[in-house]
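Everything below concerns the one structure shown next.
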Ligand SMILES: Cc1cc2nc3c(=O)[nH]c(=O)nc-3n(C[C@H](O)[C@H](O)[C@H](O)COP(=O)(O)OP(=O)(O)OC[C@H]3O[C@@H](n4cnc5c(N)ncnc54)[C@H](O)[C@@H]3O)c2cc1C
Ligand SMILES: Cc1cc2nc3c(=O)[nH]c(=O)nc-3n(C[C@H](O)[C@H](O)[C@H](O)COP(=O)(O)OP(=O)(O)OC[C@H]3O[C@@H](n4cnc5c(N)ncnc54)[C@H](O)[C@@H]3O)c2cc1C
């Protein structure tokens with residue numbers, strides 16, 4: 001049985017209070033304006049959300065990935081777009097926390113816990129899932145690294161204070177590209193946002209290009225060793241990125257479930273609530289089942305991560321399931337609402353767009369299936 | 001325990017003017033007096049208020065106890081409570097009714113504690129049941145639930161009454177009544193630990209919400225201060241008043257708390273109520289349920305607000321308001 | 001400075017439209033509704049925290065509630081309160097405002113001396129707003145309710161209370177009981193760190209035997225008012241939807257106004 005601790009239950013409650021007052025009320029505005037509400041990210045920082053899994057010695061809260069998933073689920077229940085901005089910030093935080101040296105942790109984590117926003121830039125026009133096709137470069141010149149290239153589809157591209165980028169820094173003895181990770185401080189010349197994309201959904205988190213134009217960073221900004229890039233990039237995305245997306249999918253599932261129940265009870269048709277019709281009950285049953293299944297998969301997976309055990313297959317399963325289920329559930333909820341489902345006064349059309357946009361974020365369902373199958377067949 | 005004493009009402013006055021609720025309390029007390037046969041007594045406290053007893057008699061008081069003393073110029077809970085405590089101990093009334101305004105409900109609770117007797121809060125109905133007990137009906141859970149309150153063992157029974165719920169009697173200047181002047185007993189040796197420094201009260205313009213024949217109430221769905229302006233305009237051209245829900249007040253569109261309708265605000269009974277962009281939460285609806293015709297405009301055709309309406313209009317407030325204004329101007 | 005905040009756990013007001021009365025038992029069906037801290041009590045907690053930050057203070061919260069309320073009260077600790085006292089006993093059930101105030105007073109007197117006792121101005125469930133005044137009487141302290149602002153000037157407290165369409169200003173010295181209303185401040189959101197720290201703060205539970213009270217001073221037995229039956233007021237009407245385009249809808253409304261005699 002999935003059971004949260006008293007502290008986790010309390011945490012969910014206080015997060016929900018915050019989300020209902022500060023985020024739910026502006027969720028459709030966030031979606032329409034499609035710019036990241038940066039001031040909201042500064043508020044969540046004050047409440048500890050931005051550094052929830054960072055130890056107290058770096059001014060974090062010292063909790064884990066289960067608590068992070070609770071926060072993301074609660075936020076995504078009302079605004080999956082904003083949840084994505086926070087979840088991506090966590091990726092930058094995680095990379096430094098896990099692979100940074102003590103000095104880097106002391107320097108960056110307190111800032112990132114208290115309001116500075118992080119982004120993680122991996123993907124390039126040449127490919128997302130294909131690491132080897134990466135063209136951005138880092139060259140060591142006079143003891144400084146000079147970074148050049150263009151990253152695309154980067155969340156928080158236009159609002160991140162601190163960017164963490166993966167670039168190519170040479171080749172290994174077998175001629176394979178060698179990737180390395182750098183942290184770029186605020187206001188470093190040459191690092192700037194480029195084009196901003198218009199997404200189908202998950203609007204309200206900025207997504208676009210990060211341009212590296214002769215960006216000069218000190219050698220001390222290298223995270224891990226030269227060549228650790230693939231490990232850090234993939235490690236961050238596969239565990240923290242995808243578990244975050246699973247939690248966001250879960251939030252969308254809950255939104256659909258709650259809204260479908262509310263509508264079915266309130267809408268009167270032929271003198272009776274819609275909920276009295278059997279086919280409507282089927283939709284409600286399916287929505288509920290998908291939500292429950294997603295909940296078990298997601299919290300099971302992050303529980304494994306919190307236990308410090310290998311968790312990539314479980315996280316991939318959770319991400320695959322919740323995001324796909326979110327699409328189906330949102331579609332069913334639209335069907336349930338009939339005409340109201342597609343008018344923009346109801347948020348369901350947003351849920352569907354958010355669900356669709358959450359498939360590629362952190363790796364598509366095909367990539368998830370390859371990982372899952374790989375683990376099953378190994 | 002039977003009621004075995006007079007019915008008192010504590011009249012509420014501000015700067016020498018009686019508040020409407022004082023007459024409403026008299027109206028209810030008269031009704032109760034028909035059943036129990038006791039005279040209705042009004043207590044009025046203040047400074048320089050010698051003209052008020054006649055007005056209270058004209059509105060139904062058989063007796064008025066007047067306490068006119070300089071120290072009673074400004075309402076102050078501890079001082080008023082002490083004087084009332086002594087007065088009640090002297091006369092032993094059976095029932096004492098207060099207004100449920102901020103100050104008088106505070107006063108009722110304080111006096112109740114001093115006399116160690118039960119106090120029913122914000123009552124919306126009072127009647128004798130078949131056993132001859134006084135039933136006090138009070139709202140709870142924001143008006144969602146009404147509960148009966150009894151005060152079986154101690155006297156007097158104290159209740160505060162929500163303004164706007166009871167009807168006052170027609171004024172009859174020919175009515176006769178007895179006026180008793182009492183000193184502010186208990187204050188001789190009393191030094192208050194509190195000092196009332198000032199009272200600030202706004203003067204409100206326009207038709208008061210509770211007197212308007214037509215009330216236009218706006219909710220969160222009005223959406224902006226600009227659209228709210230249209231609502232104000234429409235109210236003006238209809239000689240009506242504007243009311244609001246809690247969110248519209250919190251947004252700062254409505255002029256102030258005096259426009260709030262519902263459990264935490266006013267109870268109104270206009271001939272026509274039109275709600276714009278209101279979802280029909282019980283907290284609001286309890287304040288309008290006795291209105292004549294209830295119309296609601298909401299862009300959600302399934303809004304629960306229509307369940308409490310005589311007429312429902314599924315429309316966007318932003319579009320309907322200008323149309324209504326236009327039509328009404330044409331009609332003039 | 002020693003401050004006590006009286007906190008009442010109430011069924012979460014977000015769900016009041018769902019409260020119904022069981023037609024057979026005539027009791028409230030509210031079992032599915034989660035508990036929350038009474039809204040204006042959060043303002044009282046916030047006011048206490050601000051005084052603490054400004055002047056330094058030890059702040060405790062006290063509540064008379066069933067044992068399940070413990071979780072809800074922890075939210076007060078998470079907001080920054082130092083210690084919690086829960087007065088809980090079967091004998092306390094069914095208390096009216098007088099018995100509630102009496103029980104709270106006994107608890108407060110047992111804990112120690114206070115410079116300020118803060119309460120909310122009214123609860124959202126019972127909603128009498130009587131407890132602040134009655135508690136003040138029983139503690140033998142000056143008291144004011146519907147407080148919209150408190151400032152300190154040396155030892156003097158300057159207090160603004162709400163009246164219809166305005167306010168009054170008072171001055172006085174502690175100790176005092178103040179019932180604060182929502183205008184006084186905006187309660188802070190609980191931080192995650194607050195949640196974590198709350199778990200380790202002292203939490204005392206006292207029953208009837210711990211207080212200097214008899215069973216007939218408290219609960220229903222000690223109450224001066226007694227509840228009768230409950231009902232939900234009928235508010236539904238039979239609706240007729242006005243159809244047509246916006247033009248026609250406006251015209252139809254006008255017709256209704258003519259018919260009701262408010263337009264001629
Ligand atoms: C103890 C307590 C006491 C309270 N006391 C009161 C009280 O005295 N008075 C009070 O009013 N509230 C009170 N409240 C608040 C109350 O519970 C509700 O939250 C409030 O009444 C809802 O206000 P609303 O209908 O304006 O807003 P909402 O519930 O947000 O409803 C807005 C409505 O507008 C519609 N809408 C949106 N856009 C448009 C558009 N463009 N055109 C047309 N329609 C649109 C929506 O469909 C919705 O139905 C109290 C709450 C508590 C807990
Ligand atoms: C339908 C109904 C009607 C009622 N009517 C009456 C009535 O007319 N007269 C009457 O005497 N009683 C009445 N009661 C009982 C009353 O609600 C309870 O006595 C309640 O425990 C205290 O009163 P309150 O909730 O009205 O508090 P309020 O006086 O409205 O509360 C103000 C503040 O006092 C503090 N406080 C109140 N209760 C507690 C507590 N248990 N623990 C800690 N702090 C607290 C809080 O800070 C709160 O914000 C009624 C109850 C119901 C359900």
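Even glycines carry a Cβ here, placed using N, Cα and C.
Whatever TrEMBL says is automated annotation, not expert-curated.
The feature domain 'Electron transfer flavoprotein alpha/beta-subunit N-terminal' is assigned by TrEMBL to B:7-189.
The FAD binding site feature in TrEMBL is assigned to B:245, B:246, B:277, B:278, B:279, B:280, B:281, B:282, B:283, B:284, B:298. In this view, residue B:298 (FAD binding site) is surrounded by 25 other Cβ atoms within 10 Å of its Cβ, with every protein chain counted. Reduced to three states, the DSSP call for residue B:298 (FAD binding site) is strand.
Proximity to chain C, defined as a C-beta distance under 8 Å, is registered for the following binding-site residues out of B:245, B:277, B:279, B:281, B:283, B:298: B:281, B:283. Around the Cβ of residue B:277 (FAD binding site), the number of neighbouring Cβ atoms within 10 Å comes to 28. The average pLDDT computed over the domain 'Electron transfer flavoprotein alpha/beta-subunit N-terminal' (B:7-189) stands at 94. Those binding-site residues from the list B:245, B:277, B:279, B:281, B:283, B:298 that have a Cβ under 8 Å from chain A Cβ atoms: none. Residues B:245, B:246, B:277, B:278, B:279, B:280, B:281, B:282, B:283, B:284, B:298 are listed as the FAD binders, and the farthest two of them sit 18 Å apart at their Cα atoms. A helical conformation is recorded for residue B:283 (FAD binding site) in the three-state DSSP classification. The number of other CB atoms found within 10 A of the CB of residue B:279 (FAD binding site), across every protein chain shown, is 19.
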